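To keep things clear, I will list the structure first and then write my remarks on it.
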Amino acid sequence: MRLILLGPPGAGKGTQAGLLTKKHGIPQLSTGDMLRAAVAQQSEIGKRAKAVMDAGQLVSDEIVNQIVSERIDAPDCANGFILDGYPRTVPQAQALSQMLSGKGLKLDAVIELKVDENALVKRMESRVAETIAKGGQVRSDDNPEAFRKRLVEYREKTAPLSSYYAGTGELRIINGMAPVEEVTAEIERILVPA
């Protein structure tokens, strides 16, 4: 199973990817996690990514495409993967298509979680409060100003992916405002039709 989860920041892509990973035994490939790992390691790419992420902007396609291509080649991706937060732009989607084709692979589905932006701000605030309550570290881009920038960036650069994947016939749209369990059940219906 090779799947892309689309939706704005805070839509629940990471939550759904985590649930699908547990059920199907395939890895969740979160570019955010991969980029944060590079930042934590303070590599050259990590330092460049940190400056961009702290400003609430998206990391360049070149860096992200390279990270994703290398990750897809890992042995744990042999039976599939769930892409969370990638592709973010139509050029990245085109690069992914070429990348997968070159590896003899194709996507099984692209699922978009549709959500209300006002509700996203509340979700972000809840995520921050929950992280703090658990004694965890809050992401540097989980603040209202950076979050609003991420939403604007999403509308400008990532939202066009809906049209792109609708054109390829791979797009399936789900109400991301539904309870987590209902969203998961709807994704499962798409992946394993009755």
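The backbone N, Cα and C atoms fix where each Cβ goes, glycine too.
Model, not experiment: these values are computed from the prediction.
Residues annotated as ATP binding site in Swiss-Prot: Gly10, Ala11, Gly12, Lys13, Gly14, Thr15, Arg127, Ala178. The region 'NMP' annotation in Swiss-Prot covers 30-59. Here Swiss-Prot flags Thr31, Arg36, Gln57, Leu58, Val59, Gly85, Tyr86, Pro87, Arg88, Gln92, Arg139, Arg150 as AMP binding site, drawing on sequence analysis. Positions annotated as region 'LID' by Swiss-Prot, on the basis of sequence analysis: 126-142.
Features recorded in Swiss-Prot, as mapped to the structure shown.
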| residue | record | Cβ neighbours (10 Å) |
| --- | --- | --- |
| Gly10 | ATP binding site | 25 |
| Ala11 | ATP binding site | 25 |
| Lys13 | ATP binding site | 25 |
| Gly14 | ATP binding site | 19 |
| Thr15 | ATP binding site | 18 |
| Gln57 | AMP binding site | 16 |
| Val59 | AMP binding site | 20 |
| Tyr86 | AMP binding site | 23 |
| Arg127 | ATP binding site | 16 |
| Ala178 | ATP binding site | 16 |
At a 10 Å cut-off from the C-beta of Arg88 (AMP binding site), count the other C-beta atoms across all protein chains. 19
Rounded to a whole number, how many Å is the Cα of Arg88 (AMP binding site) away from the Cα of Lys13 (ATP binding site)? 13
According to DSSP, does Ala178 (ATP binding site) fall in a helix, a strand, or coil? coil
Quick check on the binding-site residues: of Gly12, Thr31, Arg139, whose CB has the lowest count of neighbouring CB atoms inside 10 Å? Arg139
Go ahead and report the DSSP secondary structure tallies for the region 'NMP' (30-59): helix first, then strand, then coil. 21 helix, 1 strand, 8 coil
Could you give the Cα-Cα distance between Gly12 (ATP binding site) and Gln57 (AMP binding site), in whole Å? 19
Grouping DSSP H, G, I as helix and E, B as strand, the residues of the region 'LID' (126-142) number 8 helix, 0 strand, 9 coil
Arg139 (AMP binding site) and Arg127 (ATP binding site), Cα-Cα, nearest whole angstrom: 10
In which DSSP state, out of helix, strand and coil, do we find Tyr86 (AMP binding site)? coil
Closest of Lys13, Thr15, Ala178 to Thr31 (AMP binding site), Cα positions, binding-site residues only: Lys13
Per-region confidence, the region 'NMP' (30-59) (mean pLDDT, whole number): 81
